[in-house]
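*Asks:* Encoded as structure tokens, here's the structure I'll be asking about.
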Amino acid sequence: MAEPSLVAAGEEPEERAIEAALRPKNLDDFVGQHRVRKQLSLVLKASRMRGRSADHVLFSGPPGLGKTTLAMIVAAEMNAPLRISSGPAIQHAGDLAAILSSLSEGEVLFLDEIHRMSRPAEEMLYMAMEDFRVDIVVGKGAGATAIPLELPPFTLVGATTRAGLLPGPLRDRFGFTGHLEFYSVPELELVLRRSAGLLDLKVNSAGFSEIAGRSRGTPRIANRLLRRVRDWALVHGVDQIDARSASAALDMYEVDKKGLDRLDRSVLEALITKFGGGPVGLSTLAIAVGEETETVETVAEPFLVREGLLGRTPRGRIAMAPAWTHLGYAIPAGVFGQEQLDLFDRETGAEVTGEWAPESQ
């Protein structure tokens, strides 16, 4: 079983209180996601001007980018109470009916992991979202009757990491859909500056940059790394965190310059040293690193593929040229991805230009 990772995007239970304290409370304080913020701000402002509940909202994107925070901001901006539940908790239509029937007018219902809701509950949600009404079935068999239950107008905010699993009829009932993207390093630095202020930490610009560069483009990870660097600084008597102290702290936690942790590096090391860069089957690779197949596939692979370090092919997994370079190995001829590296000077990083020649006929 994989040990807990500092760079896993999922939220740990013990982090929830700290995360809640660091969450922005309004759109003005929310850093990043400029396009989604601008569009959402307009939707909410128009709803307030009309004096009506906001349209139903769906946020999609990888974990840790702010979907839950934005749901809370929707409720705050609409000055409405917030009810929180999740897809896995709603396994029967009756579970959903109980929640919907207790909503007050204008209330915001947040359903996290909405794609994991049961199909009967999804079908009940269609009518609730569109007509603010549900049919409660009483009895069984031929004697069963449907009793209509009117609902007060409410706003549903759904969040999903797998929008493709949502049925089309459900997606179509959301009046606004916002897809959240990974953050740039400068955006993460802004997130860290805000969090450091709330935590009363002294961090210079180089320190913020060092932490942001290892945060995988994810604010949740950035805040987690900041707290671990804070612990290191406290124990070592460091008053102001700079690049050197941040690097020393994160090196101790085995989070490298690219944000790779022990498992990530183990996967790449095994690919290169045991299988010559691949291709190798997923199950064989998992055995080589001493982890479950699902752990390698769901925990390590997404980030490695996104960073261009690992490739998936019909014949198996392969180590891309940047993986060889990152781990300090010489790249053998024919490694996939080497062509992209050869466009740049390996020492200076400057683009290599040459005289263009037409292909031979």
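Using the three backbone atoms N, Cα and C, a Cβ is placed for every residue, glycine included.
Okay, so Swiss-Prot annotates it like this:
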- 1-183: region 'Large ATPase domain (RuvB-L)' (REGION)
- Leu22, Arg23, Gly64, Lys67, Thr68, Thr69, Glu130, Asp131, Phe132, Arg173, Tyr183, Arg220: ATP binding site (BINDING)
- Thr68: Mg(2+) binding site (BINDING)
- 184-254: region 'Small ATPAse domain (RuvB-S)' (REGION)
- 257-361: region 'Head domain (RuvB-H)' (REGION)
- Arg312, Arg317: DNA binding site (BINDING)
*Asks:* Could you tally the C-beta atoms, other than its own, that fall within 10 angstroms of the C-beta of Gly64 (ATP binding site)?
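*Replies:* Gly64 (ATP binding site) is surrounded by 27 other Cβ atoms within 10 Å.
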*Asks:* Three states by DSSP: which one describes Arg317 (DNA binding site)?
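*Replies:* Assignment for Arg317 (DNA binding site) reads strand.
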*Asks:* Using a 10 Å radius around each Cβ and counting other Cβ atoms from all shown chains, which of the binding-site residues Arg312, Arg317 yields the largest count?
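*Replies:* The largest 10 Å Cβ neighbour count belongs to Arg317.
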*Asks:* Provide, as an integer number of angstrom, the distance between the C-alpha atoms of Thr68 (ATP binding site) and Arg312 (DNA binding site).
*Replies:* 31
*Asks:* Determine, to the nearest whole angstrom, how far the Cα atom of Glu130 (ATP binding site) is from the Cα atom of Arg312 (DNA binding site).
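*Replies:* Cα of Glu130 (ATP binding site) to Cα of Arg312 (DNA binding site) measures 42 Å after rounding.
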*Asks:* Just name the winner among Leu22, Thr68, Glu130, Phe132, Tyr183 (the binding-site residues) by count of other CB atoms within 10 A of its CB.
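*Replies:* Going through Leu22, Thr68, Glu130, Phe132, Tyr183 one by one, the largest Cβ count within 10 Å is at Tyr183.
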*Asks:* Please classify the secondary structure at Leu22 (ATP binding site) using three-state DSSP.
*Replies:* helix
*Asks:* Quick one: which of these binding-site residues, Leu22, Gly64, Phe132, Tyr183, have their CA within 10 A of Arg317 (DNA binding site)?
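*Replies:* The binding-site residues passing the 10 Å Cα test: none.
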*Asks:* Let me know the DSSP-derived helix, strand or coil state of Glu130 (ATP binding site), please.
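*Replies:* DSSP call for Glu130 (ATP binding site): helix.
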*Asks:* Write down the Cα-Cα distance for Arg312 (DNA binding site) and Phe132 (ATP binding site), rounded and given in Å.
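*Replies:* Cα of Phe132 (ATP binding site) to Cα of Arg312 (DNA binding site) measures 45 Å after rounding.
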